[in-house]
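Asker: Dropping the structure in here first, questions after.
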Amino acid sequence: MGQGDESERIVINVGGTRHQTYRSTLRTLPGTRLAWLAEPDAHSHFDYDPRADEFFFDRHPGVFAHILNYYRTGKLHCPADVCGPLYEEELAFWGIDETDVEPCCWMTYRQHRDAEEALDSFGGAPLDNSADDADADGPGDSGDGEDELEMTKRLALSDSPDGRPGGFWRRWQPRIWALFEDPYSSRYARYVAFASLFFILVSITTFCLETHERFNPIVNKTEIENVRNGTQVRYYREAETEAFLTYIEGVCVVWFTFEFLMRVIFCPNKVEFIKNSLNIIDFVAILPFYLEVGLSGLSSKAAKDVLGFLRVVRFVRILRIFKLTRHFVGLRVLGHTLRASTNEFLLLIIFLALGVLIFATMIYYAERIGAQPNDPSASEHTHFKNIPIGFWWAVVTMTTLGYGDMYPQTWSGMLVGALCALAGVLTIAMPVPVIVNNFGMYYSLAMAKQKLPKKKKKHIPRPPQLGSPNYCKSVVNSPHHSTQSDTCPLAQEEILEINRAGRKPLRGMSI
């Protein structure tokens, strides 16, 4: 039978657009939905119009044109004017494996999935800005029970494994948690966020002022020491921080402690809470203050040693600046950008390490050319006494800082220095655009999620019922073997899960 035979032609109406092809074309991909149309009993299993002699599918006509071309040419391309999830659903419906997408279109196809993963990573970002109208009844009031459950899942990833029974806990636990965790959940949550931001800024300001000599006057102190035959008085001078700064820091720590305890108590998932790096920073920044206050009244040598150590580790208080990431989207975007650009940073470090090693060696030997004949070390006239010293100069030069503490003094060394500076500019410039693009992508996604209106009711189409045109066949008289039984076709949702998991289903699977 030739391809030009009228009986070999088949008409497929997809969303009102008629497509004509040959049955032999549809047979090129066995086990798919279109391949079943080429079988003799297809009229009884699909929506077939005998008067128009066509099969009808209520699907996207534009995407189907690309899928049909895949049967004709063997190359699957992704349309640029179709959203990625829609194209993914269409591939699953027609039984096409996503890994068949051509390499030229793979990045376009994957873009939507990367965007979804990025949006999920901003779990603490607000989903709507209309909470002012819904929070008049109480703190963290986000609507009915479904809204509270959605808020809890969005902020805490799961329900509490140790949730307490009773209506009070079930009603107020997600509200109090949102009050301290999500500044955009309600008006009262914004008040808490402003208070937290105020104490963070005050604490950091106090930390900086404590290092100024104006607030560290020198005072004379005496200490009675026990000696072998009695006691003796020892006089010494010591810098002592102004008391009002300590009181201010104490007030800030009281607030941070209250905030931390409330978040611990009302957290739906204690394990996830403990694993969170920001929560670890909160605890580490609070603990030294209480240890210092508790040991300040002791006079033993061990207590004084511990106090001295705690004064040294006061710098951990500056880590509270990272608490601002809960309140500013831009800081969260920066954190996600740094994590997403790990490969680029590693590449930059490798390039710099190679350049530093090469140019430190070159400058060392280049400077030795101008050595005096009576100089046995050949290094009295230059700063570059050895190659390790040249590492510092190479780093400063390649990063275009140029402190000027070390510089070449011979014409050959100057030539190496010029090459080092040019190489540094080119090396740093290569990965920077990728990092900037990542920041722009994450920032736009964060802004999109922040302004995304809350969906009150999501449209979910009815699944295909047995006997409907979109329901796949229960019995397939196909000569092609299948890994599944004909009475258990692979659902469209399962195809989506397989594609997202990166597993490649066999071509013979029933769809």
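Placement of Cβ uses the backbone N, Cα and C atoms for every residue, glycine included.
Since this is a predicted model, take the numbers as computed values, not measurements.
These came from Swiss-Prot, pasted as-is:
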type	residues	note
CARBOHYD	Asn220	N-linked glycosylation site
CARBOHYD	Asn229	N-linked glycosylation site
MOD_RES	Ser44	phosphoserine
MOD_RES	Ser130	phosphoserine
MOD_RES	Ser142	phosphoserine
MOD_RES	Ser158	phosphoserine
MOD_RES	Ser160	phosphoserine
MOD_RES	Ser474	phosphoserine
MOD_RES	Thr483	phosphothreonine
TOPO_DOM	1-190	topological domain 'Cytoplasmic'
TOPO_DOM	268-276	topological domain 'Cytoplasmic'
TOPO_DOM	332-344	topological domain 'Cytoplasmic'
TOPO_DOM	437-511	topological domain 'Cytoplasmic'
TRANSMEM	191-209	transmembrane segment
TRANSMEM	248-267	transmembrane segment
TRANSMEM	277-295	transmembrane segment
TRANSMEM	309-331	transmembrane segment
TRANSMEM	345-366	transmembrane segment
TRANSMEM	415-436	transmembrane segment
Asker: Could you tell me how many residues in the topological domain 'Cytoplasmic' (332-344) are helical, how many are strand and how many are coil under DSSP?
Answerer: 12 helix, 0 strand, 1 coil
Asker: Quick one: DSSP breakdown of the topological domain 'Cytoplasmic' (268-276) into helix, strand and coil?
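Answerer: Per-class counts: 6 helix, 0 strand, 3 coil.
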Asker: Let me know how many other Cβ atoms fall within 10 Å of the Cβ of Ser44 (phosphoserine).
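Answerer: Its Cβ shell of radius 10 Å holds 8 other Cβ atoms.
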Asker: About how far apart, in whole Å, are the alpha carbons (Cα) of Asn229 (N-linked glycosylation site) and Ser44 (phosphoserine)?
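Answerer: Checking the Cα atoms of Asn229 (N-linked glycosylation site) and Ser44 (phosphoserine) gives a distance of 113 Å.
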Asker: Is it possible to get the count of other C-beta atoms within 10 angstroms of the C-beta of Asn229 (N-linked glycosylation site)?
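Answerer: Cβ-Cβ neighbours of Asn229 (N-linked glycosylation site) within 10 Å number 6.
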Asker: Tell me, what is the mean pLDDT of the topological domain 'Cytoplasmic' (332-344)?
Answerer: 84
Asker: With Cβ-Cβ distances below 8 Å as the criterion, list the same-chain residues six or more beyond the ends of the transmembrane segment (309-331) that contact it, or say none.
Answerer: 122, 124-125, 181, 183, 193, 196-197, 200, 203-204, 207, 210, 256, 278, 281-282, 284-285, 288, 291-292, 295, 443, 446-447, 450
Asker: Distance check, please: Cα of Asn220 (N-linked glycosylation site) against Cα of Ser44 (phosphoserine), rounded to an integer number of angstrom.
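Answerer: Answer for this pair: 102 Å between alpha carbons.
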Asker: Using a 10 Å cut-off, grab the number of neighbouring Cβ atoms around the Cβ of Asn220 (N-linked glycosylation site), all chains included.
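Answerer: Other Cβ atoms within 10 Å of Asn220 (N-linked glycosylation site): 8.
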